[in-house]
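Have a look at the structure below before the remarks.
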Amino acid sequence: MASEELACKLERRLRREEAEESGPQLAPLGAPAPEPKPEPEPPARAPTASADAELSAQLSRRLDINEGAARPRRCRVFNPYTEFPEFSRRLIKDLESMFKLYDAGRDGFIDLMELKLMMEKLGAPQTHLGLKSMIKEVDEDFDGKLSFREFLLIFHKAAAGELQEDSGLMALAKLSEIDVALEGVKGAKNFFEAKVQALSSASKFEAELKAEQDERKREEEERRLRQAAFQKLKANFNT
């Protein structure tokens, strides 16, 4: 009797377990929902031709810097007075005024169209390719426009003889009338005339200064000889 009762209990238990396994399994209350599977990332796009050209230009510039053919860009704040010590403060101010005059967009840059208008007003109009070539020659950050530093670099290269005589940048530098009255040069029409006259004035001043120093040395030598002669004469009287 006991064995039959035990067998019935086992049979009911097996049926209950089978029913639980075959039915839908509900998530317990309060259990966190399963996280959604992340979607696969789209494949990376192949580099475009413009990206290849930009990378090539950057590598080319790095080679120029390593070989000393180009100035490395500085991360610090640009200071024209320390970076271009050959220019006086007045000259830099005049060049800055000229830069702002043609910076019609007031964004701190002279773009292609603004450079086109500048060259037309200076009486040396350039073709579209000529304008792009002008910018490219001093465009150190490859942004296709001129910053104030790159604008000053034009005059630095011109003064150092690094520009072609028939280039657009040379025409810009020659035709830019800069007030250099406080450079110690009166009546100079442009930067190059000012540099020549400034060098002449400096040479003349150095010559006058050297002549004064030589005259002072000669007078001191004559005074020393007179004192020596007086001491000798005095010694003769005492003997």
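Here the Cβ of each residue, glycine as well, is placed from N, Cα and C on the backbone.
Lifted from Swiss-Prot, the feature list:
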- D103, D107, E114: Ca(2+) 1 binding site (BINDING)
- D139, D141, D143, K145, E150: Ca(2+) 2 binding site (BINDING)
- 1-18: compositional bias 'Basic and acidic residues' (COMPBIAS)
- 90-125: domain 'EF-hand 1' (DOMAIN)
- 126-161: domain 'EF-hand 2' (DOMAIN)
- S201: phosphoserine (MOD_RES)
- 1-53: region 'Disordered' (REGION)
Where E114 (Ca(2+) 1 binding site) and K145 (Ca(2+) 2 binding site) are concerned, what is their Cα separation in Å, rounded?
9
How many other Cβ atoms sit within 10 Å of the Cβ of D139 (Ca(2+) 2 binding site)?
17
Just the number: how many Å between the Cα atoms of D103 (Ca(2+) 1 binding site) and E150 (Ca(2+) 2 binding site)?
13
Cα distance, D107 (Ca(2+) 1 binding site) to E150 (Ca(2+) 2 binding site), nearest Å?
15
By CA distance, which of the binding-site residues (D139, D141, D143, K145) lies nearest to D107 (Ca(2+) 1 binding site)?
K145
